[in-house]
Amino acid sequence: SAIFNFQSLLTVILLLICTCAYIRSLAPSVLDKNKTGLLGIFWKCARIGERKSPYVAVCCVVMAFSILFMQ
């Protein structure tokens, strides 16, 4: 059902990026061995979270504000 609601889809993608970056910071070998294929999506999300961390942090704050005060 998150696919049909744009805000829910953005929330799921943002949480996926943050979770993958956190898991890679704790145990890099878990995501580094799957750089290609279907599980490579998690590695790519971790890379986005690491390289674009200021933008991801701003998006998290905006999304939290939106969820708490707009709905």
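Counting starts with 1 at the first residue shown.
Quick reminder: no glycine exception, Cβ is built from N, Cα and C everywhere.
Curation does not apply to TrEMBL; its annotations are automatic.
Feature annotations, courtesy of TrEMBL:
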TRANSMEM  6-23  transmembrane segment
TRANSMEM  53-70  transmembrane segment
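Note on the transmembrane segment (6-23): residues 30-31, 42-43, 45-46, 48-50, 53, 56, 59-60, 63, 66-67 of its chain, located 6 or more positions outside it, place their CB under 8 angstroms from a CB of the stretch. Within the same chain, residues 7, 10-11, 14, 17-18, 21 sit at least 6 positions outside the transmembrane segment (53-70) and bring their C-beta atoms closer than 8 Å to a C-beta of that stretch.
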